[in-house]
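Listed in TrEMBL for this protein:
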- His170, His270: substrate binding site (BINDING)
- Asp187, Asp198, Glu326: divalent metal cation 1 binding site (BINDING)
- Asp198, His263, Glu295, Glu326: divalent metal cation 2 binding site (BINDING)
- 106-332: domain 'Peptidase M24' (DOMAIN)
Amino acid sequence: MAPAIMLRMRMKMGMGLRPLHSYLLRRPAAPLVAAAPALVGAAARGFSATPAAGAAAQRVPVQPGVVSERRGVPASLAKPSYWESGDPAPQAPYISVHDEEGVRRLAAAGRLARNMLDYACSLAKEGVSTDDIDAAVHDKIVEAGAYPTPLNYMRFPKSVCSSVNEVACHGIPDDRALRRGDIVSFDVSLYLDGYHGDNCATVIVGETEADAPLRKLSDATEEALGAAIETVRAGSCLSDIGAAIQDVADANGYTVVTHFCGHGIGTELHEAPLVFHARNAHRLELVPNMVFTIEPILAEGTGDVKVWSDGWTAVTLDGSYTAQFEHMVRVTPTGSEILTLPE
């Protein structure tokens, strides 16, 4: 889940945002021990581009549907601090540099989150509602011994974010049935063994050759994520990520939706630093064992958005379609390790 709405609320409450250079690095007390990273290159993103069969749908604006009641979780399940109150902990004034155990737990949460994301994407078929998909993924996450991170996070009512067509992000699953030609992004995150895993991917429902423009948008967004990950290594600058994404968007004629950003991740879902997806001057040198998400959203049109009265669903003002991909990335001395690759 991209943290922009949360950040705007904090600004309204007078909490403000800290400049990146003002954050301290919180390092583990013991020396870091290498955790045998699986270093990856541009060819190992791990998202499938295999289309389904069908025909493109006409562009009918998405309307709010009926949202079912919030689903429960077993009393025995380990839960994040906000699960009852809906209020996450205030953002800490430091950037975490994880120790070996923290990296191990983040990797486990990331792998499980990826498995759940692939499951969600496999269910995206004509006639299936996003609420149906939310219910199935919720059950599967709980069966795996994890808590679905979005559930009651700042009172989000569901376990998955499902963003259809012009919904840029934070779509709430409801009773609207998916249609051929819909482009839908699933953001799946979970809490396992004290740490969060978070990732997102985009699929096209019943894809045919008529959906070539949507395929181009989806592929360019995934390419932008890959280009951003290629910049990550110890000693590189955080702002290189946004520049790489912007370059791919510009080359393909798309706009970066700049209202949302990536974030540090660990025992809390949204930690410092914020990771901006367009060119910026936020200077921060990356060091080994920082872990954060990169989650660009590209739009066919201007990229400007408004939020529905539900306080979550962000839609493009011009009705243009969007796509999003997200990975959790660990900084290594010579590159990066993607923690949300498929097994």
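Backbone N, Cα and C atoms are what each Cβ position is placed from, and that goes for glycine too.
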Averaged pLDDT score, the domain 'Peptidase M24' (106-332): 98
From Asp187, His263, Glu295, Glu326: binding-site residues whose CA lies within 10 A of His170 (substrate binding site): Asp187
Residue from His263, His270, Glu295 whose C-alpha is spatially nearest that of Glu326 (divalent metal cation 1 binding site), among the binding-site residues: Glu295
Output field, divalent metal cation 1 shell: CB within 8 Å of site CB centroid, site Asp187, Asp198, Glu326 dropped: Met1, Ala2, Ala113, Leu117, Cys161, Val188, Ser189, Asn199, Cys200, Thr293, Glu295
Binding-site residues (Asp198, Glu326), the one with most neighbouring Cβ atoms at 10 Å: Asp198
Neighbours of Asp198, His263, Glu295, Glu326 excl. site residues, C-beta within 8 Å of centre, divalent metal cation 2: Met1, Ala2, Asp187, Ser189, Asn199, Cys200, Gly262, Ile265, Phe292, Thr293, Ile294, His327, Met328
Count of other CB atoms lying within 10 Å of the CB belonging to Glu295 (divalent metal cation 2 binding site): 27
Cα separation, Asp198 (divalent metal cation 1 binding site) to His263 (divalent metal cation 2 binding site) (Å, whole number): 10
Rounded inter-Cα distance in Å - Asp187 (divalent metal cation 1 binding site), Glu295 (divalent metal cation 2 binding site): 10
